[in-house]
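Here Swiss-Prot flags Gly608, Pro609, Asn610, Met611, Ser612, Gly613, Lys614, Ser615 as ATP binding site, drawing on sequence analysis.
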Amino acid sequence: MPQKTSETPMMQQYNEIKAQYPDAFLFYRIGDFYELFNDDAIKGAQLLELTLTARNKSADDPIPMAGVPHHAVQSYVDILIDHGYKVAICEQMEDPKKAVGMVKRAVIQLVTPGTNVDIKAGAAKSNNYITAVMPHAAGYAFAYADVSTGELKVTDLKSKFALQNELSALATKEIVVPEELTDDDAGMLKQGERLLSVQPDAEPTSEGSYVSQALTDPAEAAVVQMLMAYLLNTQKRSLAHIQKAVAYQPSAYLEMDQDARSNLDILQNSRTGRKGDTLLSLLDSTKTAMGGRLLKQWLDRPLLDIDAISVRQNQVQDLLDHFFERSELQERLTKVYDLERLAGRVAFGTVNGRDLIQLQTSLDQIPAIQDVLGKLDDGSFKALRSKMDPVSDVAGLIRRAIEPEPPISVTDGGLILRGYNQKLDSYRDAMKNSKQWIAELEASERKATGIHTLKIRYNKVFGYFIEVTKSNLDKIPEGRYERKQTLTNAERFITPELKEKETLILEAQESSTALEYDLFQDIRDKVKAQIKRLQALAAQISSLDVLQSFATVAENSHYVRPTMHAGTHDINVKGGRHPVVEHVLGRDSYIPNDVIMNHDTDMLLITGPNMSGKSTYMRQLALIVIMAQAGSFVPADVADLPIFDQIFTRIGAADDLANGESTFMVEMLEANAALSHATASSLILFDEIGRGTATYDGMALAQAIIEFLHDHVHAKTLFSTHYHELTSLSDSLAKLKNVHVGAVEEHGNLVFLHKMMPGPADKSYGIHVAKLAGLPADLLARADTILKQLEADAPNKTAPAPAPQVEEQQLSLFEEPKPTPKNSPILTKLAKFDLMAATPMDAMNFIFDLQKHLKKK
């Protein structure tokens, strides 16, 4: 911003700093407030509901201004971050009272959506990931980190599809990108209101080199270096807690795209946008924040390695079999605080005394947790017990040094225990003795003057003084005191002896406070040196917490251990239940169902009425698969499952109206993801494909998709449909079987059995469902009449056919017989038209030609 001739030195300083952060709100510290100026003030006042005022109001060009108190700044920063903005925190770097000229100021941190480490209530079990994407000739190098926990991972993705899946899985709010980025890539990355932050090319940093030293892929190392450079530029402090980058491959886990995650309500309810009534909420009996975060990661990335799955299952079984040991473990875990984020605050330099007490309390639980592990049978627990480091030296240091109930502030004293430092104790003794001297002086002055209400007080303006009420002033001996201040009802006095003692007290107090802060910083640095040990312990405790959670939920919900097999794709689930629906309805009200798909069945074609449970049945299988491959027990009587590599879904009319995509377009995009990427080891759930377009278009597409999946993909597929004509495909597709959700009519009413039965449904019961929905009786009667007429007119064919024509209700007595293909050229032409091979445009042109011929007649 160009300098104005009328700018004050302070505004000149502000503008120079603001020019370095043009895309951020600059919170400029002045005394006890952070001030916003110019456009920041105008926009900030609106977003933060602040009073907009002005600096130099009487000038021709007053400067818009708004401010927030320094003690409440974080809440205002959080609001701006939630709106997707960045905030630069500009602090006074020297005491204004001691400054010569302008107070020095500098930005100490740039807070961004991906780097905000302030954890809101209710978000302790969530990660805040910042990601980095670096395009290259063969794909995209991709890294992500959680600044609050130190987690850092990296991979190399070969396609936009894979990149979009990773971004959706991490729910990232900010992506760091290089300066050279195509418009196409930028548009893709911005989807979902993500913030793109450009990191210019820079020399590798020592921190970036350290965390990337184990990486062998140059592209992965480069994207990690870019991300670390951005974090150093924004955080402007130690990042010692950021762990060495771990390379991973998404293909090593069960992959799900954004549609599958949304449709299955794994981590977030697709209807409410919240955690409630999700698979995560159901399985979350974790006792620690870090355990809750790891549970999310396990559900988001189920395993493919059958041996690794078996290890988790064995551990869950062992905890399930040892109720009392599990209860003791849970009791100890409830006293373990968030070790990952405590380590992060230590590295950042923001840890306070209470944080250290939380750390000590957590570490004090480890010996008892080790004892529990020693009582369990599984060998992995005994190995974990021997590897677990209780970090007792850190716990002992904090126990010796920090007050059990310390203040929040680290600069005002009261932090360090007596006995930890001899010099500090001497300062405290001096203060204590001096204060005792003052108490004795007060008593002696009362005796000498006879004024029993005489008091020695202290304030920051006058220091120590003697206060005498006006009614007792005549009792003071002449020349005994020096008058300092006159009040309405009292006089304040000092003596040379009192001021001398005051100097000693204040010097001791100031020295004591300064020494305490120095000692605290030294303690913090000693803890900081052990961050890697604390992070290793946190990972072990997190894993234990998730395993006990799986065991607890399995016991409470009557889950069974699934059998996992490799080599075949057979599915054998007996008495399966949808875990979330069962939880909502209650176990006694839920009707279980089997899913049997052996080597001779790749596809179940599901028919039945609306609201009968087709979608629930399909989701049920997918959730059982996810739970099993995450290592959890599952809601079933028996579950024998293969290892699935991917899950694809098309469930519900998830219109993307904001992006101008219709229901049918969403259907086709989601279907195409499965058709393009599924393998024989994938699981596909398609619900009502084709309903978003004209009847025969939809039926034709549905049949073509079924045939393609059956003949070319060979994935296990559950395909529900209202096109009953498609059920005849079982005659020509050897590995397709029909099943339906049972329903019966009783006294004209429809009763859903919610039970899956072999064979196709005999009808859809659509009018009965409309009756349940409360449609008017006259309307339902009319619909029933039309339905019977349509059924009477429809050709008796088992394959998809052209839509039946509704005849006029009143016909001429002398009406000519209907033409047949033998005597009608148009009908002959229509009969020969290959609907399955035609595109929608071909069909429209064909109908247009027929209309022209008919109009000529």
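Note that Cβ sites are derived from N, Cα and C of the backbone, with glycine treated the same way.
Keep in mind the model is a prediction, meaning the values are calculated, not measured.
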Residue, out of the binding-site residues Asn610, Ser612, Ser615, whose Cβ gathers the largest set of other Cβ atoms within 10 Å: Ser612
Cβ within 8 Å of the mean position of the Cβ atoms of Gly608, Pro609, Asn610, Met611, Ser612, Gly613, Lys614, Ser615: remaining residues of the chain near ATP: Val741, Phe752
Cβ packing number for Pro609 (ATP binding site), 10 Å threshold: 22
CB contacts for Gly608 (ATP binding site) [other CB atoms within 10 A, all chains]: 27
Met611 (ATP binding site) CB neighbourhood, other CB atoms within 10 A: 17
Gly613 (ATP binding site): tally of other CB atoms within 10 A of its CB: 23
Chain-internal residues near Lys614 (ATP binding site), provided their CB is under 8 angstroms and they sit 6+ positions away: Ile606, Gly608, Asp687, Ser720, Val741
